[in-house]
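Q: Relevant sequence annotations retrieved from Swiss-Prot are reproduced here:
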- LYS60: active site, proton donor (ACT_SITE)
- ASP8, LYS30, 58-67, THR117, ARG177, GLN186, 206-207: substrate binding site (BINDING)
Amino acid sequence: MKLCVALDLSTKEECLQLTKELKNLDIWLKVGLRAYLRDGFKFIEELKKVDDFKIFLDLKIHDIPNTMADACEEISKLGIDMINIHASAGKIAMQEVMTRLSKFSKRPLVLAVSALTSFDEENFFSIYRQKIEEAVINFSKISYENGLDGMVCSVFESKIIKEHTQKNFLTLTPGIRPFGEKNDDQKRVANLTMARENLSDFIVVGRPIYKDNNPRKICEKILQEI
């Protein structure tokens, strides 16, 4: 299980400072939509200069198939290690993205977003007319069949996804509150024990790390646990 630290701070300077504090730790960094829009692709280069961190660019790409493939191709030129697209974009979009990325000698891992961890059952059903678990199983089967590397899901769907695909089909699980911290805007949250029991491959932790007075110590504690 790998730790992915979410760089969701208010400024680029704060993100870079956090990154410097975490230098030499065996972690991934997650760059989200706000940071990428604010700081651009040069921010990725700056992160790579701090240390040889693996970068997950969390843009949740969702558009028509050709536009998605174009976007993923451009992102791949930046040396990104992992990206994500929305599973609800469908199998044609998935196929176009994977075909386009196949020309790279070292392409990024591509994950599909299933049900955002900010959803509870009621709100999810109001949009998709399905229970979360049913939709996630369907999304994961389509993603697996069309060559993606894994899924973004809550901890509670991770094991189910592997049961309906393969054990090596990756799961990245946001909404991790490692030591029982408050949920904030997340609905389907879990701790480290739950993540381990449900076979998560990557856990995403943000606020419990960067809001702490000693982010490095928290990261080290998490790494010891996993």
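Just so you know, glycine gets a Cβ as well, placed from its N, Cα and C.
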Q: Within 10 Å of each Cβ, count the other Cβ atoms and name the one among the binding-site residues PRO65, GLY206 with the highest count.
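A: Going through PRO65, GLY206 one by one, the largest Cβ count within 10 Å is at GLY206.
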Q: Return the residues near ASP8 (substrate binding site), defined as same-chain residues 6+ apart in sequence whose C-beta is under 8 angstroms from its C-beta, sorted by sequence, else 'none'.
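A: Spatial neighbours, sequence-distant, of ASP8 (substrate binding site): GLY32, ARG34, ALA35, GLY206, ARG207, TYR210.
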Q: For each of the recorded positions (LEU59, LYS60, HIS62, THR117), count the other CB atoms lying within 10 A of its CB, then report the residue with the highest count.
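A: Answer by Cβ density within 10 Å: THR117.
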Q: According to DSSP, does PRO65 (substrate binding site) fall in a helix, a strand, or coil?
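A: DSSP assigns PRO65 (substrate binding site) to helix.
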Q: Using DSSP and collapsing to three states, where does LEU59 (substrate binding site) fall: helix, strand or coil?
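A: In the DSSP reduction, LEU59 (substrate binding site) maps to strand.
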